[in-house]
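Asks: Grabbed the feature section from TrEMBL, which reads as follows:
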- 5-182: domain '3-hydroxyacyl-CoA dehydrogenase NAD binding' (DOMAIN)
- 185-281: domain '3-hydroxyacyl-CoA dehydrogenase C-terminal' (DOMAIN)
- 326-391: domain '3-hydroxybutyryl-CoA dehydrogenase reduced Rossmann-fold' (DOMAIN)
- 397-466: domain '3-hydroxyacyl-CoA dehydrogenase C-terminal' (DOMAIN)
Amino acid sequence: MERVIGIVGAGAMGAGIAQVAAQHGAQVIVCDDKAAALDRGRGLMAASLGDLLRRGRLDAAGLAAVEGRLSWHQGLAALAGADVVIEAIVEDMAAKQGLFAALEAVVGPDCILATNTSSLSVSGLAGPLARPGRFAGLHFFNPVPAMKLVEVVRGRATGAEVAARLSALVAAWGKLPVEVRDVPGFIVNRVARPFYAEAFVALGEGQVDAVTIDRVLQDCGGFRLGPLALADIIGHDVNYAAACGIHAAYDGRTRFRPQAAQARLVETGALGRKAGRGVYDDAAPKPAIETLAPAPVHEIRRGEARLTAALPVDGGEADGVLLLAGDGRSAATMERVLGRPVVLFDFCRDPAAAPLLALAGSPGATAAMLAKAAGFAAAQGKQAVRIPDRPGLLSLRTWAQLYNAAADAVADRVASAADVDLALRYGTNYPEGPLALAARLGLGFVTRALGHIADETGDEFYRPSAAL
């Protein structure tokens, strides 16, 4: 096993990788050409290790041992004896290529060189190297000590043994390695983009506020954090640039598009938490969603179990009000098909655990009907929130496009279906892999839902993936 690990770049990613390696017994050499960056890196690691100490995850002896395995250097000469060197500098092709050319002159012939790039071509970075076969991508996720996933990216020249050694190395560090083909965005930054894009589509339509979008995706969709709040944390400049870069790299053949609503945030400097304002204003109280007042329901008939399981086959009635689980069609379409008003419930990944149900009324649905639908939710111990009537609603449409993006990645041989799901679960903390969820719901349901959304929106990029 590789025992001496070099890290170039003492920022948040570099310091995080160094910490993980040192905690798992490696001798770690951290290099940066700027003394101030080394000082900041030491500070970041000291804060992270101090937090582990306070929480009882590390004792004083363990802390001393980790610190004893770390050394910090200005310049690259200290890396001469490294077994593996991982680069974590600025996302710039020329800067990284220049660094690796310098590293080739320093390290030994058996040293593996790896890049932590999240967006650049691994094959492109390796192109100028004298020995590109020993070069690979090793994409960690932030914060490195907490996030399990590492994308191990094989460029065109990467040796199979090199990828295998890197996978074994990060597995020994307690990480989950997933081997990925060298394509723009790899797995996570390609497949996860509809999560953000669909939220900005809904926000840009102007019929629903940000807090409702986020709460529905959290409470109904099952995501740990809403997409708009998460984009505020990431930074809209970073998130939007990634969307534009990946969209352009695929010539627009993606399951998302960069959204004008997010572009406006970037243009106005509303970059998220680092600017004090983004989708949300950090100085203002966090807004609350407006829930529907429930009316008492005296009789629930037909299909209650199927409705509460969030499956679209059977409906139910609450005191004569027709309730249906969404299948991609809008409530307005369902009213035309059925010849009567209808209330649609958005997709709920775990209906038993969800504290909130999201519903949309057709044009003929009265306020009293919506109150009865809220009463149906209240009878299950849940609140109800009204959302706009749109094809796929919010939760279903987001999950459906994630299914599409994941299926496209498998069809493009980016990774196996199992590894795509693992990457989304452990690289983004999704509650379930999109492909596994699609299989659980039934691929027929997913295919029909996507077809309905494509038909009603007139947008072919919702059309079901051939892999589905």
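Backbone N, Cα and C define each Cβ position, glycine as well.
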Asks: Could you tell me how many residues in the domain '3-hydroxyacyl-CoA dehydrogenase C-terminal' (185-281) are helical, how many are strand and how many are coil under DSSP?
Replies: 60 helix, 3 strand, 34 coil
Asks: Using DSSP, tally how many residues of the domain '3-hydroxybutyryl-CoA dehydrogenase reduced Rossmann-fold' (326-391) sit in helix, strand and coil.
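Replies: So the counts come to 21 helix, 13 strand, 32 coil.
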Asks: Going by DSSP assignments with H, G and I as helix and E and B as strand, what are the residue counts for the domain '3-hydroxyacyl-CoA dehydrogenase C-terminal' (397-466)?
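Replies: Secondary-structure composition of the domain '3-hydroxyacyl-CoA dehydrogenase C-terminal' (397-466): 52 helix, 0 strand, 18 coil.
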